[in-house]
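Trainee: Checked TrEMBL, it gives:
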TRANSMEM  20-42  transmembrane segment
TRANSMEM  129-153  transmembrane segment
TRANSMEM  165-187  transmembrane segment
TRANSMEM  193-213  transmembrane segment
TRANSMEM  267-288  transmembrane segment
TRANSMEM  300-323  transmembrane segment
TRANSMEM  344-366  transmembrane segment
TRANSMEM  465-483  transmembrane segment
């Protein structure tokens, strides 16, 4: 007698939340944990667990290799069945693919949250714990991120529906960024107990969220699959004679898939552009504190610096909401092109203004990071379009969206490594300043004139300023050159979407109708 009200409540919540809201909320359950991880995991192991330098770099090196390889590995294991036409039986429908991805999220989401907790309690030698925690955490994060990103291509084909899904992701990711501000109230290296309780609370919220949202979405799409099966059974009963003879194809091997991908020109141009974008995003993140310290610390208060840091975390998500409205009017390709041009224009203007305009520097440092991160958040829409083109050109039985996202990550993640390496090398070459030793060489103590202002400036400050403006100028020029060769936009993109929708004739689900 008490079961009926429970089912009615469950059905009520299913009716209240749209697919776009539920899909976007999955980003919240990831971001509340990942933002805290990025901010505190290094300091926890260095300052609290006292990890030695060799163990730290061994762990980071293994993590770098694992971080690059697990994306295509998990993508291949997930989507290899979709790469060729089925040898027997009916084709896999989109609702079935969505169910598969949601099942993975319902399992790996809570495991991701549990792997997050493993960082904040000492349970092994620091070096061993550091290595195991990083690999476990990144493995589950990759599984969650791949399937969540792939759903963007599987849930919708039209640009409007995908923009709507991405819009909700940005809203919930912005909400997730507030965990960073809350964490400041609990972080204390001398008394770690309160911070552990805070992390347990975040993980519990994330586990509950993954469990409930994935169940809501799975229940919705299970009804869709049953509806498809009923239609297929009806058609089978009405059919007359034998089915036409088909020529089954052999499954596509990894070598054949890589060969197909190497001939995908738009994919190659996109990866070239995105590699530079990943480099620039991580360059901004890695050197943001350095720029604050050497360009602004003598002229702004500590509270102003913290405000700039907070803006750099939250503003990209909020700004992306505006960018997505522009995408609906002008297309993703055009908006990204404008952002590259804006990056180039602002950097040239800052170079001409010089390093002595403190308020301009504050605005430029914050806006440079905000616009760069905002561009990164639009690129999932482009990868989803590439999934459509790959599906049409190679005549897949189903879009291999997780695999394509994984291949993009494999080819662009080296930008994460290049950013600190190239940045520290440039700083050492131009100023003689070694960021690891914290001791500038003798020549760096000589004053060098600032050609823009005519005043004598310490070379370290001047070197930081030139890095701040010349890196985005170089990135913008290279990105505009590669982006101009990208042709999947306008009429060609509409033609690809029409062909995909026609090939799957009705298997796709209208996001607005759910």
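Sequential numbering from 1, following the chain as shown.
Using N, Cα and C of the backbone, Cβ positions are placed for all residues, glycine too.
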Trainee: What residues in the same chain, six or more past the boundaries of the transmembrane segment (193-213), come closer than 8 Å to it by Cβ-Cβ distance?
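Mentor: Those are 22, 25-26, 28-30, 32-33, 36, 40, 105-106, 109-110, 112-114, 116-117, 119-121, 179, 182-183, 186-187, in sequence order.
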Trainee: With a Cβ cut-off under 8 Å, give me the same-chain residues at least six positions beyond the ends of the transmembrane segment (129-153) that come close to it.
Mentor: 23, 26-27, 30, 34, 37, 41, 45, 49, 51, 55-56, 58-60, 62-63, 66-67, 70-71, 74-75, 78-79, 98, 101-102, 104-105, 108-109, 111-112, 115-116, 118-119, 122-123, 162, 165-166, 380-381, 383-384, 387-388, 399, 401-402, 405-406
Trainee: Mind pulling out the one from 20-42, 165-187, 465-483 with the most Cβ pairs under 8 angstroms to the transmembrane segment (267-288)?
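Mentor: Ranking 20-42, 165-187, 465-483 by Cβ pairs under 8 Å to the transmembrane segment (267-288) puts 465-483 first.
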Trainee: For the transmembrane segment (165-187), find every same-chain residue at least 6 residues outside the stretch whose CB is under 8 Å from a CB in it, and list them.
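Mentor: Answer is 20-21, 23-33, 35-36, 39-40, 152, 155-156, 194-195, 197-198, 202, 310, 313-314, 317-318, 320-321, 324, 377-378, 380-381, 511.
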